[in-house]
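First comes the structure, then the notes that go with it.
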Amino acid sequence: MGVCQSFVLTDEMKDQIKVNKEIEKQLEKKKNMQLEQTVLLLGPGESGKSTVMKQMRAMTGNYTKTELHERKVLIIQNLCQFSEMLLEYVREYILEMTEDDDKRYTVMCEELKMAVIHDGIMRPELADTLKEFWGNSAIQDAYSKRDTFHLTDSAKYFFDNIDRIKLPGFEPTNQDIVHIRVPTTGVAQVEVIMNNIKLMICDCGGQRSERRKWYHFFDEADAVLFVAAISEFDQKLAEDEETNRMHESIRLFWTVFNGKFFKKAAVILFLNKIDLFEEKVKHVKIKDYFPKFEGANTVSEGTKFFRRQFREGIHPDFKKRMYTHETCAISDQVQIIINTVIDTVIQDNLKDTGMI
């Protein structure tokens, strides 16, 4: 008959098992960390940066009913803001509008504010007045000069879609959502899972007053996606009427990528609003705002020039890992570019660090 002997662990063996478990725990933690990457979204105000963020959010799945309702209210709020801006321009520059129309449209703006308070419910009569307002010749004249008073590109989109927005069961589409304009203050974050890698996307407010907050995130970034509106080469900043927007974008890009920060981060540059740029170069000369420009006033020559402008002032180390694309952030096609570029950059980052 065999004797079953009990196996007794010595104190030394117990300590070793404890150490092994701790090592395994740390390895598992490290493995999880390896599958997380942080992407910073930087750029000046109104460049389309937050629209890129919304496209990334759309890539993660559908919005909840609550989120859709919140965005419906924001659309009504945007319509109110756009209407007030247009009406103010008409009054300031004494464009031709009857006193009766002025009074009716003032009441319309007040009713829009009430619609925002009452969960985005728009009376049919209010929608009809909005359509009439948009068709008014003085308002259209003001809209044609929108670049001078910083009216966003989304105004026309929402006014053109009043018949759909006014419906009781209206739910915003992804195209509606990417057209919503709410200035980013502070830092907005969204998680995106891409090829089993968790990306933390951080959208940092682009106005000058918000930029001091950027530095808190610089050490954490694995990649930086900088968005600049190429179509704004002839426009001034909303917060500084003396400064050209594209000059500001280029200087900001040079400052961020001067070699002091982001020692290992990849650089992604989106020259955004390429659709508006295509229209603008038909009647606005790049050379009038950038005397260095010597090429033909075409989309091709213009984009080549601005690519060089951004690239020439950054630290040499960044030039080796810089990816540049022309984009239209409001188009769903930009999701393909985002997916391809981000995936390439992150995979390269992980290979460089031996994580994959």
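Placement of Cβ uses the backbone N, Cα and C atoms for every residue, glycine included.
Taken from Swiss-Prot, the feature GTP binding site applies to 43-50, 178-184, 203-207, 272-275, Ala329, supported by similarity to another entry. The Cβ neighbour count for Ala329 (GTP binding site), using a 10 Å radius and every protein chain shown, is 25.
The 10 Å shell around the Cβ of Ser50 (Mg(2+) binding site) contains 24 further Cβ atoms across the protein chains shown. Residues or ranges marked as Mg(2+) binding site by Swiss-Prot: Ser50, Thr184.
Residues annotated as domain 'G-alpha' in Swiss-Prot: 35-356.
Per Swiss-Prot, N-myristoyl glycine is recorded for Gly2.
Annotation comment: Swiss-Prot describes Cys4 as S-palmitoyl cysteine, evidence class sequence analysis.
The region 'G1 motif' feature in Swiss-Prot is assigned to 38-51. Note on the region 'G1 motif' (38-51): residues 150, 152, 178, 182-184, 188, 199-208, 210, 214, 217-218, 220-229, 232, 237-239, 245, 248-249, 252, 256, 265, 270, 272-273, 327, 329-330, 342 of its chain, located 6 or more positions outside it, place their CB under 8 angstroms from a CB of the stretch.
The region 'G2 motif' feature in Swiss-Prot is assigned to 176-184; the stated evidence is sequence analysis. Counting residues 6+ beyond its ends, the region 'G2 motif' (176-184) has Cβ neighbours under 8 Å at 45, 49-51, 54-55, 58, 63, 71, 74-75, 78, 81, 152, 154, 157-158, 161, 203-207, 210, 329-330 in the same chain.
Annotated region 'G3 motif' per Swiss-Prot: 199-208, in sequence order.
What Swiss-Prot lists as region 'G4 motif' is 268-275, and the listing cites sequence analysis. Among residues of the same chain six or more beyond the region 'G4 motif' (268-275), those with a C-beta under 8 A of the stretch's C-beta atoms are 47-48, 51-52, 153, 223-232, 253, 299, 303, 306-307, 310, 322-329, 331, 341-342, 345.
Residues annotated as region 'G5 motif' in Swiss-Prot: 327-331. Among residues of the same chain six or more beyond the region 'G5 motif' (327-331), those with a C-beta under 8 A of the stretch's C-beta atoms are 48, 51-52, 55, 153, 175, 178-179, 227, 270-275, 337.
Counted within 10 Å of its Cβ, the other Cβ atoms near Val178 (GTP binding site) come to 24, all protein chains included. Rounded to a whole value, the Cα-Cα separation of Ala329 (GTP binding site) and Ser50 (Mg(2+) binding site) is 9 Å. The binding-site residues Val182, Cys204 differ in how many other CB atoms lie within 10 Å of their CB, and the one with the most is Cys204. On a Cα basis, Ser50 (Mg(2+) binding site) lies 9 Å away from Val182 (GTP binding site). Classification of Gly43 (GTP binding site) by DSSP places it in coil, neither helical nor stranded. Within 10 Å of the Cβ of Ser47 (GTP binding site) there are 28 other Cβ atoms, across all protein chains. Secondary structure from DSSP puts Ala329 (GTP binding site) in coil.
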